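The structure appears below as structure tokens.
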Amino acid sequence: MTVERIFDELGHFKRFQACLYFAAVFQAVACGIHYLASVFLVETPNFVSSVPGNITDVLYGNVTASSLEEILPVFKAWEAPLVVQTAEGEQWELSRCRCSLRIDPGDFTYDFYGNKTVKTCGGDFVYDHTEVYQSIVTDWDLVCDKEWLAKLCQPTFMVGVLIGALVFGDIADRVGRVKILMFTSLCQFGLGVAVAFAGNYYFFMVLRFLLAMVSSGYLVVVFVYVTEFTGIKVRTWTSMHVHAAFAVGIMVVALTGYLVRVWWIYQIVLSTCTSPFLFFCWKFPETPFYLMAKSRYKDAQTLLDKMARFNGLECQLKVEDLLNSENGRPLVEQEAAEKKPSQPEKKLSILDLFGSWRMAGRTCTVWAIWFIGSLGYYVFSLGSVNLGGNQYINLFLAGAVEVPSYLVGCFAMDRIGRKKTCAPALLLAGVTCMLIIVVPAKVEALAIALCMIGKFAVAIAFGLIYLYTCELYPTTIRSLAVGSGSMMCRVGSVVAPFCVYLADVWIYLPQLIVGILAFVIGVLTMMLPETLGKPLTTTLEEAECLGREPIKKKSALGRKEDEDGLELNQHHTKA
């Protein structure tokens, strides 16, 4: 089938495709929003354990106050405790997860060398509301022995992303792309708003898990949808810039987090940002590739006519023209040939990705790129709020740098090649991670700039690996290769939050892990074959020869020159 002829006749990216593309990508912004919303949903403000009685005086070093709320903005839990005195005359030393009652204290001073009765926190806390007025941490006291519940929020969401990609990707091939786009869009809105009204932590987690599934489902299917509606001349750009919409979602999260400091209002605002999409998504047509694959020829012809009218063209193309094979045989002959008994097709499995040492090495390297692309992407995004300075600006910049990264990535891919774009990007990400470690902690601006460069570099690799994987594998196992790579990508996204939490052990440990992996994988990437300007392979043998073709051509040329030289010598001898 030559469905690609549609775009040669009706335009690769004219008015009809442009309207569909920007509308579909607009809703992809919601995916970026929900993926990163937890950065501020589970934000933990400064806090200390509460004590019975009314507090009348507070000491913190040389600073005095009459209430905890006045001291908490400058309180550093890792340096020294707070000392408070109650109306009953009791003196307490307060830290985050415990409090100590002074026995027979004298004057109210900061230093005390007498006996103390140490008590663990009783479940009551006082929070600093200057930055975060209300989050799920302050509402449900997810601190101290419950801190792990707050940290479980993002990994659980990413597990939902993994399952959603598997479930909705398969269903979209069965029932159609448009039905899944409409269903997941509606569910993103409904579940997003429902999360804001979750009455307890466990209901909140269940709703967020379901929200992750539908968000992932939309992102997977919209990538296929826009790819099947745009011609090959612009397919690299359109597929790459679906990720740019995701980056816009990150910027929306940063802006909303800065303006709204109450978590449930924040969640409602984020969930309604892309709600206008619901009013016109039901008008979306099914893709021509899907209609032809399902033998819905009448619907396909209607779509072709509509595309032509909208693009201001006269439709000369008929569905029958698309049903001829490349060798010119009509459909009737094809159907007759199909009725003849044929050899059963060999069922392919994931083991075919490791059919030879050459393919096994290629697969391991490609999987590693998928993994580090996702891991680095989310470590840079989630960890940007911990770099110092204004956390909202940091997250906004982490999203903003992605937009030019995809422009640079697309330009470089079409000019210098896929491998020569991916490998330097990963090496740059690894180097910037190491530089972040050696930069003095006081120079926050330089650390933030290096983080943005790292995010810029890893986003290039993360964006191009989709297309590069398609070009590295033959038709027989191409879907399997992309699907397995996507699985490694989801594994990276699940691991990323845990990697960010390692900053509690050493603040630069996440950057060290990402830096080493990115640099090593960047070196391995240079061993992959280049695919720029080469046709897609159809068999495993052709795919294995990808890196050897120039050598073969050179050898053939050398043999031709030798033959010509031999004939010339024979001619001179005869003469």
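Note that Cβ sites are derived from N, Cα and C of the backbone, with glycine treated the same way.
Positions annotated as transmembrane segment by TrEMBL: 20-42 (among others). Same-chain neighbours of the transmembrane segment (20-42): 13, 132, 135-137, 142, 150-151, 153-154, 157, 161, 181, 185, 188, 192, 208, 211-212, 215-216, 218-219, 222, 225-226, 229-230, 238, 241-242, 244-250, 252-253, 257, 263, 266-267, 270-271, 273-274, 277, 280-281, 284-285, 381-382, 385, 395, 399, counting only residues six or more beyond its ends whose CB sits under 8 Å from a CB of the stretch.
Feature annotation from TrEMBL assigns domain 'Major facilitator superfamily (MFS) profile' to 100-533.
Tertiary neighbourhood of the transmembrane segment (180-203): same-chain residues 24, 27, 30-31, 34, 136, 140, 142, 149, 168, 171-172, 210-211, 214-215, 217-218, 221-222, 225, 263-265, 267-268, 270-272, 274-275, 277-278, 281-282, 284, selected by CB-CB distance under 8 Å and a gap of 6+ residues from either end. According to TrEMBL, the transmembrane segment annotation covers 180-203 (among others).
Sequence-distant contacts of the transmembrane segment (209-227) (same chain, six or more residues past either end, CB-CB distance under 8 Å): 20-21, 24-25, 27-28, 30-31, 34-35, 156-165, 167-169, 172, 177-178, 180-181, 183-185, 187-188, 191-192, 195, 235, 238-239, 242, 246, 287, 466, 486. The transmembrane segment annotation in TrEMBL covers 209-227 (among others).
Feature annotation from TrEMBL assigns transmembrane segment to 239-258 (among others).
Sequence-distant contacts of the transmembrane segment (359-380) (same chain, six or more residues past either end, CB-CB distance under 8 Å): 353, 398, 422, 426, 429, 451, 454-455, 458-459, 461-462, 465, 468-469, 472, 481, 484-486, 488-493, 495-497, 499-500, 510-511, 514, 517-518, 521, 524-525, 527-529, 540, 543-544. Per TrEMBL, the feature transmembrane segment maps to 359-380 (among others).
Sequence annotations record features per position, and here TrEMBL assigns transmembrane segment to 392-413 (among others).
Feature annotation from TrEMBL assigns transmembrane segment to 425-441 (among others). Long-range contacts of the transmembrane segment (425-441) within the same chain, counting only residues at least 6 positions beyond its ends with a Cβ under 8 Å from a Cβ of the stretch, are 369, 372, 376, 388, 409, 447, 450-451, 453-454, 457-458, 460-461, 508, 511-512, 514-523, 525.
According to TrEMBL, the feature transmembrane segment maps to 447-468 (among others). Long-range contacts of the transmembrane segment (447-468) within the same chain: residues 223, 236, 239-240, 243, 247, 366, 369-370, 372-374, 376-377, 380-381, 383-384, 387-389, 394, 397-398, 401-402, 404-406, 408-409, 412-413, 418-419, 421-422, 425-426, 428-429, 432-433, 435-436, 439, 441, 482, 485, 514, 518, 531, each at least 6 residues beyond the stretch ends and with a Cβ under 8 Å from a Cβ of the stretch.
The transmembrane segment feature in TrEMBL is assigned to 480-503 (among others).
Per TrEMBL, transmembrane segment is recorded for 509-528 (among others).
The feature region 'Disordered' is assigned by TrEMBL to 554-575.
Highest Cβ pair count under 8 Å relative to the transmembrane segment (509-528), across stretches 239-258, 392-413, 480-503: 480-503. Within the chain carrying the transmembrane segment (392-413), a Cβ under 8 angstroms from the stretch's Cβ atoms is held by residues 32, 36, 39, 236-237, 240-241, 243-244, 246-251, 253-255, 257-258, 380-381, 384-385, 420-421, 425, 448, 451-453, 455-457, 459-460, 463-464, 467, 532, all 6 or more beyond its ends. Averaged across the domain 'Major facilitator superfamily (MFS) profile' (100-533), pLDDT in this predicted model comes to 85.
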